[in-house]
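Engineer: Quick one: structure below, then a few questions.
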Amino acid sequence: MSDYDFDLFVIGAGSGGVRASRVAAAHGAKVAVAEEFRVGGTCVIRGCVPKKLLIYGAHFAEDLKDARRFGWNVPDCGFEWATLRDNVLADVDRLEGLYANTLNSHKVELIAERVTVTGPHSVKLASGREVTAKVILVATGAWPLIPEMEGAEHGITSNEVFHLDECPKRIVIVGGGYIANEFAGIFHQFGSHVTMVNRGGTLLRGHDEQIRDRLLQISTMKGINFRFNAQMEKIEKKEDGTLCVHFKNGDPVAADIVLFATGRRPHTDGLGLENAGVEIDEKGAIKVDEYSRTSCESIYAVGDVTDRLQLTPVAIREGHAFADTVFGNNPRTVDYSCVPSAVFSHPPLAGVGLTEAQAKNKYGTVKVYTSDFRPMKNVLAGRDERALYKMVVDATTNKVVGLHMIGPDAPEILQAAAVAVKAGLTKQDFDDTVALHPSMAEELVLLK
């Protein structure tokens, strides 16, 4: 009989925690998972999934207008935020149920309570119950950062944005990363007056410079306003409930909603990790080795709480690799070298591998191929909005080391192209592939 209540106790039922739980259970482990919020984590409940559904809804703003150029007699259409919001939240409820059912079908015990670590093999539930486990996995994710300033309590984050009573007429979005740009596109399409406030001088740091510059160009053309190098001073709430954002270096901006999209911090506060000697870094992220093991031999961590690469598919890979390593007698690590990513802006952008700047720094000499074109649909619709595809090649080996694109369906196209970059294919391999015509993706094999 085991000396512990469970073989594995997981803290957090998000993407990484759920995958680790069910795979460990499939390997024969007795597993429990504790979740203080909702099953599914950020991605399902307040991130990727509801956001993508809002993005689908936002696309109709231009699609309905464009339809007239394609012969459809479409009347002027109104938008009802409450209808979309309620339908999105209902689908989130459905998915949460599926996640819970997955755990149940694998005989994983789900505990709807907050948990604190009390030792290398023990945790305490909010109800007071003490539980022991041979292995503990921390998968608590990350939480939105709110900058310190007067009146910050009047702002919201991506956690609350899906529950707004009404669509704001004016919204100020603070930040320049993927969350900020995605919601800027969403609310602009819904008819809001959007102002993006960025303390730096560029959008989307880490993405290829040409691609992010194209997004800025198109966003500005659409009517999104930008404040770069902005120093926010305070948020003032007026008697009528509206807000006024004050700056140290510019005129104030009136808004109905201020959305903070200023980064995410690993969710480790109050977990009691110090009771087991688990080390965290200056950002609050749990330090782990290549097998996701912490400084405490019996405690592991996966997903955003480790701040290695804050992406849902990465957390899933980490959770799976952990379960195989610890309970499947199959030690596995995760390769972070060629992970595709996307920004579901309007239009979306996506990339995999090295940017041009990163490739030059690594290889010295690189070749760059681009295609700057107007998608066929945009031509007939009368939209002066151009797509840009970019291939970065190591000049010595002719291997494609980076692919970056912005334009309609860029993430869908990039996912398939990422396989080629991961496999180490060369520019010649792309050249030798016959184009699929007419398509946007054919530009990838026609780059000159």
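Each residue, glycine too, has its Cβ placed from N, Cα and C.
Features from TrEMBL:
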| type | residues | note |
| --- | --- | --- |
| DOMAIN | 6-319 | domain 'FAD/NAD(P)-binding' |
| DISULFID | CYS43-CYS48 | disulfide bond |
| BINDING | LYS52, ASP304 | FAD binding site |
| BINDING | GLY175, GLY176, GLY177, TYR178, ILE179, ALA180, ASN181, GLU182, GLY263 | NAD(+) binding site |
| DOMAIN | 339-445 | domain 'Pyridine nucleotide-disulphide oxidoreductase dimerisation' |
| ACT_SITE | HIS437 | active site, proton acceptor |
Engineer: For the recorded NAD(+) site formed by GLY175, GLY176, GLY177, TYR178, ILE179, ALA180, ASN181, GLU182, GLY263, which further same-chain residues have Cβ atoms within 8 Å of the site's Cβ center?
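Structural biologist: Leaving out the recorded residues gives ILE173, PHE183, LEU204, ALA261.
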Engineer: Report, in whole Å, the straight Cα-to-Cα distance of GLY177 (NAD(+) binding site) from CYS48 (disulfide bond).
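Structural biologist: The Cα atom of CYS48 (disulfide bond) is 15 Å away from the Cα atom of GLY177 (NAD(+) binding site).
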Engineer: Expressed to the nearest Å, what is the distance separating ASP304 (FAD binding site) and ILE179 (NAD(+) binding site) at their Cα atoms?
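Structural biologist: Between the alpha carbons of ASP304 (FAD binding site) and ILE179 (NAD(+) binding site) there are 15 Å.
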Engineer: State the count of C-beta atoms found within 10 angstroms of the C-beta of CYS48 (disulfide bond), not counting that atom itself.
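Structural biologist: 17, counting other Cβ atoms within 10 Å of CYS48 (disulfide bond).
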Engineer: Out of LYS52, HIS437, which of the recorded positions is least crowded by other Cβ atoms within 10 Å?
Structural biologist: HIS437
Engineer: By the DSSP assignment reduced to helix, strand and coil, which category contains GLY263 (NAD(+) binding site)?
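Structural biologist: Where GLY263 (NAD(+) binding site) sits, the three-state DSSP reduction gives coil.
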Engineer: Show which residues of the chain containing CYS43 (disulfide bond), separated from it by at least 6 in sequence, have their CB under 8 Å from its CB.
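Structural biologist: GLY14, SER15, VAL49, THR312 - these are the non-local Cβ neighbours of CYS43 (disulfide bond), listed in sequence order.
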Engineer: About how far apart, in whole Å, are the alpha carbons (Cα) of HIS437 (active site, proton acceptor) and LYS52 (FAD binding site)?
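Structural biologist: It is 28 Å, counting Cα to Cα.
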Engineer: Applying a 10 Å Cβ distance cut-off over all chains shown, what neighbour count does ASN181 (NAD(+) binding site) have?
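Structural biologist: Excluding its own Cβ, ASN181 (NAD(+) binding site) sees 28 Cβ atoms within 10 Å.
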Engineer: Cα of GLY263 (NAD(+) binding site) to Cα of LYS52 (FAD binding site): how many Å, rounded?
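Structural biologist: One finds 19 Å between the Cα atoms of these residues.
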Engineer: Return the residue, from the listed binding-site residues GLY175, GLY177, GLY263, with the maximum count of other C-beta atoms within 10 angstroms of its C-beta.
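Structural biologist: Result for the most crowded candidate: GLY175.
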Engineer: With the cut-off set at 10 Å between Cβ atoms, which of these binding-site residues ends up with the most neighbours? Options: ILE179, ASP304.
Structural biologist: ASP304
Engineer: Helix, strand or coil by DSSP: which one applies to ILE179 (NAD(+) binding site)?
Structural biologist: helix
Engineer: Taking just the CA atoms, what is the gap between GLY177 (NAD(+) binding site) and LYS52 (FAD binding site) in Å?
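Structural biologist: Just about 16 Å between their Cα atoms.
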Engineer: Give me the DSSP three-state residue breakdown of the domain 'Pyridine nucleotide-disulphide oxidoreductase dimerisation' (339-445), ordered helix, strand, coil.
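Structural biologist: Its residues divide into 37 helix, 33 strand, 37 coil.
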